[in-house]
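Here's the structure, in C-alpha cells; my notes come after.
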C-alpha cells in the first residue's frame, strides 16, 4: 500500500520536511496561546471533547487513580461483573468511624465473612502474579494464555468468550471463502453472506474469527461427513473484533467443515473497509460509488473472516449491482445473471490463494482502456469523464509488467490486471491482487496540466503497486511486524524498475532525497526497528511509516551494492520461487541470500544488525598517511549529550565503500565490511582526500576529521565534478546533519555549499535548498526576520546565476525541469530576480483567458501561488477549482489557495476539506501541511487539529499514516517551551492509546530538538551570517 502525500519527496508518498527534525515534510503547525490557568474539576466536565473521566461514563463523579486503573482492567477483560458504581462508594460511608462516637465491636459472623473475603482476595492476587509470564518475540506471544483458565473475557451476551488473545488461534484455518454481497449505494447499506470452508489442524470445539460492525442474522455449521446444516450460536467480543462459534460437535484434526454466516452492515463513511463515495459529474449530477480498503485490518468489517495475513485462502465473490453500474473484483468476471428487482449478480472466478487484506471489490460507473499482454488483460478504469487521462498509466503498466516478469522469472499468475482511479481515496494506492486501486492524482495523467513531477509520481506508484504483486501478494509476511518485507521491497523495486525502464526520469534523485528524509526520522529516539513487535491496531497502523517503506528499501539497496546486482537478483528469484503463495518471516529472506552466497557471507547475521535495532550508524573517518581509521557509533539526535543511550549495545555490519582522488572515479570503488566498533583500512597510495559511502548506497552518515572535511570542501571549490552528483548531495546532507548534532560548526556547512555557484545538477541544489529552508523556517516562525532575510540573501547569492538562466517553459530534460521548478519557487517565495513580476504576468494572462490559456506545467504551482496573493486572484482560483478535470491541476490550485496570508481563508479551507462537500477530505492532510509551512498559518493548523481531533481520528483512524502526517505537520515547526507544554498537555488529555502513539512521542521530541537547535546556534548564526 502507498501512503500518500504529494510533496517533493515521498515518505511513504512524497513528503517534504520543513522542520529541523521532522521527516514528514510538507506538514504544518499552528497553535494559539496555551491556557494559563489550570481547569477546575467542574470545568473538566464541560470540555468539548470530554475528558477521560467522562468517557468512562461516570458523569459528574470523579474517580481516583486506583479506581481508574480498576475500571480499565474491567474494560480490557470485558468483565461486566467488575464494574463499580459510585453508589457503592457512597454507601460505604456509613461504616466509617464517627468523630464523636465509640467503635462498636463487630459480630462473630461479620469477622468470619471479612476473613473469608480477605483470604479469597489475597489468593486471587497471588495466582495472578505467580502465573508464568509470556515471552514476547517480535512476532507476538505464542505461549498459551494460562491466565485465561481463571479469567476469561465476556461476550456481549454475558457468556464467557473462549479466547483472550488479540491474535487468532491456529487450530482452524480457512481454505475457501464464498462471499455474496448486495450493496445499496443510496442507503449506504449492504447485505452479505459468507460460506467458509475450514480445516482443523488441532482438535478443538471453538472457531474464532474476526467480525466487526455486522448484524449477524444466521449462522450454520456443517461437517464434511454430514450434509446436514446445523444452526449454531455465536459469541461476540467487540473489544478484539472477534466472534466465536461453538461447534455442535468436536472438530477433529485433519477434518474439513463449513461455516455459513448471513449478515447485514453499513457501508463505511470513512476511508476504511467497504466504504461509500458520492461525487458530482460534469453534468452536476450526484453519483454513487463504493470501494474497499482492507489493509491492514478492515476486511473483517466487510465480511467475517480470519483477518490475519498468514491465513491465506481462495475466494469466490458474487456482487449484486444496478444495471448501470460496473462491478470489479480481484479475479475476472465469470458470469452475470439477472437478480431480483431488475438487478444483476456478477460472479467472479475463484481466486488464487491470498490474504484477506488483498481482497477487493468496487461498484460504480466506470469506463476503461485495455490491452492484452501475453495472456493477461491489462485495463485502466476511471470515471467516464476522465477516461482520456488513462493512456500514460496503461503504457507504463505494460512496460513494467513485462520487466518484472522477466526480472523475477515468474509470470504474473492472473488472467487480468485492473488499475482503478477512485474518486475519493485516502492512501496513495493499494496493491489488491488483480485490482489495484489509486487516488486519481496517482494514476491519471493529463498532458496539458501534469508536470514532470506528476509524471514521475504516477510512474513510480504504478511501479510500486505492480512490484507488490510479487512482494506481498505472492509472498506475504506472516504478521505485521515484518511489514517491511512487503513495503521495503516494493519501494526498492519501484525505484529500481523506473531507473531501468524510464532512465530519463532520473528516479535515483528521488530515492536519494527519500533516504535523506528517512534518516532524519530514524535518528530520533522515538524511532523503531523496521521489524518490531506489534499487537494492537494502533501499533499495526503505525508500522505504515517511512521506515517500513524507505529504510527497508535503503537496506536492500545497500545489500545489492555490496553483493553485486547479479547475486542480489538470484537470491530474490530463489526467495520468490521457494515461498510462492506462502506466508514468511524475515529469516526466510536471509536464508535465500545465504544459499546463493554459499555461506561465504552470513547475510542473516549482517542484516539483523539493521532490521532488529532502530537507528543507523555514524562512521567517523580519520586519514593518517595511507591508513583510514574507522569508528562506528549510533547517530542519535539527542536533547542533551548525557541523554544518549549507552553505545555499547549498538553495532552494525557496515559495507564501507569509498573513492579517492588517486584513481579515476568512474572506474574505482573499494568496499569492505566494518563489523566491529573500530577498524583500519589500508589505502594503496597517499591521497589528498577520501569520500566514504560512495554514491550514498550505504545507510549511514560519515563524519571526517577537520582536515579531511577541509580537503573535501577545497576539492568541491576546485572541481566538484570529480565527485558524482549523488556524492555531492551526500556531503551536503551529512555536514548539515552533523552541524545539527554539534559535531561540525554550522559555519563549516555553509563553507561547503559555497561551491554551489558552479553546481548544475538537481540533487545537490535541492538538498542545499532543503537544509537551508529548515533553518529559515525556524528563524521566521520565531520572528527573527532580519536574520532569516540574511540567510535568504546568502543562498540567493550562491544560486543567482542558475536562477537567472531559467525560462518559464517546459523545455529540457526531466531533471532540468524539476530544478527549474525548485529554483523559481524559491525565487518567487522570497521575491527575488524579478520572479514575482514574471509569475504575475503569466497569471493575469491566464485569468483573462478564463483559465483556457495554457501555462508551463512545471512552474504552474509557482504562478498560482503568486496569483493567490491577491483577493481577486484567490477567488478566481477557487472558482476554477471545482471545474477542473485534472487532479494534478486541482492539487496545484489547492496548494496555492492554502498559501494565502488571509487566516480566515485558510481556516475555511481546512474546515471545508474536513466537511468534504466542496473539497474532498482526502485533501485535508495536504492543506494542513501547506497552511503550516507559511508564517500566517503556522499557528492556525495546530488550533484546527486540536479543535477537530475527534473528527480526524474517526475519519482517518488512530495511528494511520494520515494521522501521523497531520500530527507531525501541525507541530514540527514549534520551537518554544510554551508550545511544547501545550502539545504535551493536549495529548495527555486524550486517550492513553493516543498519548502512546509513536507520532505523538516523535512530535514532542522534535519540538525539544528544535528548541535545542535554536539555543545552540542562534547566537553564532547571527554573528557570522
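In case you wondered, yes, glycine gets a Cβ from its N, Cα and C as well.
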With 428, 429, 430, 431, 432 listed by Swiss-Prot as substrate-binding, which of these, 295, 308, 565, is given for the same site? 295
Stated Swiss-Prot location of region 'Tankyrase binding', expressed as one of 84-89, 90-95, 96-101, 102-107: 96-101
Among the residue ranges 44-65, 110-131, 132-153, I'd like the one that Swiss-Prot describes as transmembrane segment. 110-131
N-linked glycosylation site according to Swiss-Prot, picked from 83, 758: 758
I'd like to know which of the recorded positions 1, 430, 431, 432, 758 sit within 10 A of residue 468 (Zn(2+) binding site) at the Cα level. 1, 430, 431, 432
Given the recorded positions 428, 429, 850, find the one whose Cα is closest in space to the Cα of residue 374 (N-linked glycosylation site). 429
Candidates 1, 487, 695 (recorded positions) passing the 10 Å Cα cutoff around residue 430 (substrate binding site) are 1
Other CB atoms, at most 10 A from the CB of residue 850 (N-linked glycosylation site): 10
What are the other residues, in sequence order, whose C-beta lies within 8 angstroms of the center of the C-beta atoms of 464, 468, 487 at the Zn(2+) site? 1, 2, 431, 465, 467, 471, 472, 486, 489, 490, 491, 493, 494, 549
For the topological domain 'Extracellular' (132-1025), the averaged pLDDT of the predicted model is 94
For residue 464 (Zn(2+) binding site), the spatially nearest of the recorded positions 256, 295, 429, using Cα atoms, is 429
Residue 256 (N-linked glycosylation site) -> DSSP, reduced to three states, gives strand
Tell me the Cβ contacts of residue 266 (N-linked glycosylation site) under 8 Å, same chain only and six or more apart in sequence, or just say none. 188, 189, 190, 213
